Every structure is written in C-alpha cells, then in structure tokens.
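Listed in Swiss-Prot:
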TOPO_DOM  1-72  topological domain 'Cytoplasmic'
BINDING   CYS11, CYS14  Co(2+) binding site
BINDING   CYS11, CYS14  Zn(2+) binding site
TRANSMEM  73-92  transmembrane segment
TOPO_DOM  93-102  topological domain 'Extracellular'
TRANSMEM  103-124  transmembrane segment
TOPO_DOM  125-131  topological domain 'Cytoplasmic'
TRANSMEM  132-151  transmembrane segment
TRANSMEM  155-174  transmembrane segment
TOPO_DOM  175-308  topological domain 'Cytoplasmic'
TRANSMEM  309-327  transmembrane segment
TOPO_DOM  328-332  topological domain 'Extracellular'
TRANSMEM  333-350  transmembrane segment
TOPO_DOM  351-635  topological domain 'Cytoplasmic'
ACT_SITE  ASP388  active site, 4-aspartylphosphate intermediate
BINDING   ASP583, ASP587  Mg(2+) binding site
TRANSMEM  636-657  transmembrane segment
TOPO_DOM  658-665  topological domain 'Extracellular'
TRANSMEM  666-681  transmembrane segment
TOPO_DOM  682-686  topological domain 'Cytoplasmic'
Amino acid sequence: MQEYHIHNLDCPDCAAKLERDLNKLDYVKKAQINFSTSKLFLDTSDFEKVKAFIKQNEPHLSLSFKEAAEKPLSFTPLIATIAVFLGAILILHLEPSPFIEKAVFVVLALVYLISGKDVILGAFRGLRKGQFFDENALMLIATIAAFCVGAYEESVSIMVFYSAGEFLQILAIARSKKSLKALVDVAPNLAYLKKGDTLVSVAPEDLRINDIVVVKVGEKVPVDGVVIKGESLLDERALSGESMPVNVSERSKVLGGSLNLKAVLEIQVEKLYKDSSIAKVVDLVQQATNEKSETEKFITKFSRYYTPSVLFIALMIAVLPPLFSMGSFDEWIYRGLVALMVSCPCALVISVPLGYFGGVGAASRKGILMKGVHVLEVLTQTKSIAFDKTGTLTKGVFKVVDIVPQNGHSKEEVLHYASCSQLLSTHPIALSIQKACEEMLKDDKHQHDIKNYEELSGMGVKAQCHTDLIIAGNEKMLDQFHIAHSPSPENGTIVHVAFNQTYIGYIVISDEIKDDAIECLRDLKAQGIENFCILSGDRKSATESIARTLGCEYHASLLPEEKTSVFKTFKERYKAPAIFVGDGINDAPTLASADVGIGMGKGSELSKQSADIVITNDSLSSLVKVLAIAKKTKSIIWQNILFALGIKAVFIVLGLMGVASLWEAVFGDVGVTLLALANSMRTMRA
C-alpha cells in the first residue's frame, strides 16, 4: 500500500467516516487512516479519483507524498470573538433598551456565524451526504432550536464555547500527534558519503554496502556499519532505551539512528537503510500505530450507535412530557437540547487510540518495540510465561571448559573437527567452539575446505571437509546417524563429535544465568504472573540446573516442533493467554504461535520477525516494564471510557430534570474530550 500524508485532519470521527467511505469505492482495494499520525495507507487503481473524492467530500483536507510544514495555530480570532460576545452581553444587561437589544441581536448573529462557520459548513456537507447524525449537523440543530425557544444568548454561547473547545481540542491533538510523530522521526534524514577527499550529502536510502560515510558530532549514524576510523561515544537510547552512552572505536559495530556525541567517525556501511536497525524501529512503531485494539474496534462500533441513541433520547425528552401535560414544549425542548449536546462520542474516539499509541511510545523509549497495540491488551490478561533457556534466561556467552577425546583421538582433533563443522553457524555454542579453536590451535586452514553444510534444527550440524563427513551435535544427532557413543557427564552442555561415522569425543560447554533473571521472575510474580516454565532444546541436566535456581518447571531436549507442542499444552492448562520469550531460530515457531511472542534483541532475525514484541536492549527487566506499561495503559483507557460515559449520562439526567443549562452541557461534550485527551497523554509517561 502507498503511504500519503493527510493535511488538516483534526477530527477522529471524520477520519473514521472517511475511511469507511473510501473502502466502499470500487477503485479502492483497501484504505486505512492513522489519525494519530495523519497518514493514509491506500491500495487503489486510480489515485486521482481518490483525490477528487476527498476534495469533494472533505474540501478542507488534502493529500501529499511529503509532510507539509506545520502551520502555527493562532489564538487571536478566538480571543477576539469571545471578547465581542462577552462585551455584547455585558452592554445588553447594563444598558437595556429596544435599540441596544436590536444592535446586540445583530452582533450576536454575526458572532454566531463567525464562530460557527466551520460547524455550519460541515453540517451542510454532512447533510448533503445524508449524514444526519454528524456532530456538526447536531450542533447546528441544537443552536437553531435554542434560537426558536428564545434562548438567544445561550444559543450563541454554545457555538462560541463549542468552537473554543474545538480549537483547544485541535491544539491538544496536534501536541499529542507531535509526541507520537517523534517516535517515527528518530531516523536520520541525511548522510555524508565520502568520495575521495570530498563529502557528498545523500539520503540514507541511497547508501550502498561498503560505502564510507562520515558522521559528525551531534549527528546520527545513518545506517548499520562498522567504525573504520575514529573513537567516540554514541547515544543509542532511540534503539535500546539505554541512556548510558556507548564507547566505540575502530572495528566497533554501530547501529543506524545512534547519536554521535564526542568525535568524528568514519563508518563503512554493512546494511542497506531498509535493513538497518533504525528502519526496523520506525517500521515497527508505524505498524503498531496503524493497528486497532479490540477496545478501539468496540468504541468505533459503539460510537456509530451512541449518537443516534442519544438523539432519540433527546427527542423523547423534548416531545413526550408536553404531550402528557407535564409542561410547555419550550421548556422540554430546552431540556432535550441539553441532552443533545452530549451526543458526540469524540471523548472516546480520540482518547482510546491515543492512549494505546502513548503506551506503544512509552515502551519504544525503553527499548521495547511492539508490532501492534493489541499486544497491550493481551499482556494484561496473561498469567503464564514460558522461556527459552539459552540466550534468554542465560547470557548465551558460552565457553569451552573441557574436551574429552574417545577412540584414540586427541583433544586437538576433536576441537579441530568440531570447529570445522560449525564454521558456517552463528549459534552461540558454535561461536564458542570456533573461538576455542583459534585460541588453542592457531589454525584456520580448514576454513577453505567446508562444503555440503547442513543444520538440523534442535540437534546439530553436519558438514563435509574434503571427502570426510563431520557430525557435531547432541545425542539425538548421533542417534539420527546411528553413531555409537559412550555416556557423557551430566553437567554442562555437551557437543558430541563424529568423524566419518566414528565417535571421536565430546566438548563440554558452560553458560551462565543472566544477572537479572532471578529478580525478573520475582518482579513478574509481583505483577500477577503465576506460572513459569522453561522450554529448552538443551539436555536435561543443563536445563534442570537453571530451572532449580529460578524455581520453575522445565522441559528439556525439545525439538522446535516439540517446543511448540509443549507450549500449547502449557497454555491450555491455565486457560488464559500465555507469553513465550525466546531468541533463537528454533524459537520462531513457538513465538509465532504464542498469544504474545517476545523476541530478545540479540537473538536471530527470524525470531524477531516471528515475535509480537522485540526487546532491543536484551534485558529481562524489560519484561517487567512492558507489563507495567500495559497495565497502566489499560487503566487509563478505562478511566477515560467510564469518565466520559459517566459525565455524559449525568448531563442527560440533569437535562431531563431541568437542572443543567445549555452552555454547561458544552462541558459535557468538549470539556470531557479535553480531559480525556489529557489523561490519555499520561500513557506516554508510563
């Protein structure tokens, strides 16, 4: 779908209606409007027709590929209108006379037309399209009806203060949009490409792999790369949520979007912009703000019935009592108009999505990226979490602690052939074996002789070196190839090695539990998580040791498909949504099948693609943070829903009793919207 910017979009209800209208068009396959970022995502066969349709139905809106500069909002016309209105009312009450009354009536009529210009035009546009329950149409009906029953001052005051409230609402929405827009504006928009001795300004999207870019102090690294010259400090908080600057020097890996704080750096490009870390952050935040939560979908549906229902109630209040001789029509029409004033669901339509987007924003600033706002809802319902072990609960920094040769082979041979087989693997265990080989053997001739490499998920690898077949993996791997072997010790992770179908020994590898793992599980329990489980492809002894330390159940020696099956059983046992946290390629199926899959940031690309949430800083404490954000977001959203509906219900009752006046009822509409909007902004500070 193509992305467009919508200019002058300041009404959430109008945005929802426009989205529905666009999706009814024959030449539009799909249209989606993101009110919080003022963007239209459109799949159409005729863009010009879409532009013409929008121009005809919403003349004040316009589309463009690029975002226009924001026009400052001026308070002057609003203040002048209010001053004229209050001055006219004051003169009328201080110097009452027939001439003054006529003059003030003319002034009030002009104030009504000036302050209500947008409402009147919007009402006629809506009525022309058959939208009789449009907010503008209802406001026009209410004020004209107030004129008809002799409430001239109140009729004008409604329009003036309603327009003032709408202006403040637009101002508040603009500020909230600016806060949300900041989340997707972390990407650099310029790069300095080095060509010989000159620097050329280019867009990050135009950079190619192996290009050399210069990053000056105070500027952002344009794409992922490696430092080839210079030493500096980088602020990576936009990516990881960590405020502590990171030291970088030659050969240090750097991430696109990092802010250079200290000295000039020369960086060699390793990834295209679309594949770099910052592009993925922007895409995830954009994707999350485009999606609607179940609560938002309910509110959207609810709002379509709410306005007609309140209008019907207002009509009944205005008509029925006089028919039963309970008062005059003028009296009950006035009371009905009070109820009519609270017929707009804007407080809900605006505050609910902004609340969720604020939660997404708060999470992203802490290095927690979500792929949809629905995740926030599910997180508040879960009571169970399952973890992968290696790299998730443990540091994933493996070290070879012992080499045990068998059948007449030496330690050097076992390590050499194991490293040979693992050369093309990026698994942490493989990297530890390669590192040990480099340190012990100082030999890398075998690097050029590897072919027919194959990784068997959850078991190990096999590869051919010259004409020799090397197999390295767990006991399941040996059983698969019918290789006889002797028992291995129960402590640590074991990599068995076979050469040409002959067992030659095993390597013992150790891993450490993460420093914050115990504290994380304790804090998760305090957040209401009751059930914990470790699902690991590692052997039983290594998994059991970690599980005993953390005090949770475990399942070991699992293949990827077995891990998914066991997780499903774990979830069904507690009959509630469950979370899975993992980081490896073999975790991808389970992450995809979980109600909420959480991928650790240093894990494989496949695991991050399968996850609903990506924790960029790789810290387990972020699990506690994201649950707290989800709960606070849900609490604030339901505060808004109950507050808005409660206040509106109160004004309907007060209108029925004849206690509330029309201008007071304006607070029940615009005032409640402003308060709900302000409350929603608290989610950004979650």
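Residue 1 is the first one shown; counting continues down the chain.
Each residue, glycine too, has its Cβ placed from N, Cα and C.
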Integer Å distance between the CA atoms belonging to the residue listed as 'active site, 4-aspartylphosphate intermediate' and ASP583 (Mg(2+) binding site): 7
Residue numbers, six or more beyond the limits of the transmembrane segment (73-92), whose CB comes under 8 Å of its CB atoms: 100-101, 104, 107-108, 111, 114-115, 153, 156-157, 160, 163-164, 167, 170-171, 174
Local Cβ density at ASP587 (Mg(2+) binding site) - other Cβ atoms counted within 10 Å: 32
Other CB atoms within 10 A, centred on ASP583 (Mg(2+) binding site): 26
Stretch among 132-151, 309-327, 333-350 sharing the most Cβ pairs under 8 Å with the transmembrane segment (666-681): 333-350
Intrachain neighbours beyond the transmembrane segment (309-327), with Cβ under 8 angstroms and 6 or more residues off its ends: 133, 138, 333, 335-337, 339-340, 342-343, 648, 652, 655-656
Remote residues contacting the topological domain 'Extracellular' (658-665) - C-beta distance under 8 A, at least 6 residues beyond either end: 142, 146, 151, 154-155, 157-158, 161, 331, 334-335, 337-339, 341-342, 651
Secondary structure composition of the topological domain 'Cytoplasmic' (682-686) [DSSP: H/G/I, E/B, coil]: 4 helix, 0 strand, 1 coil
Residue counts (helix, strand, coil, in that order) that DSSP gives for the topological domain 'Cytoplasmic' (1-72): 23 helix, 22 strand, 27 coil
C-alpha spacing of the residue listed as 'active site, 4-aspartylphosphate intermediate' relative to ASP587 (Mg(2+) binding site), in angstrom: 7
Beyond the flanks of the topological domain 'Extracellular' (328-332) by 6 or more, those residues with Cβ under 8 Å of it: 149-150, 317-319, 321-322, 658
Per-region confidence, the topological domain 'Cytoplasmic' (125-131) (mean pLDDT, whole number): 72
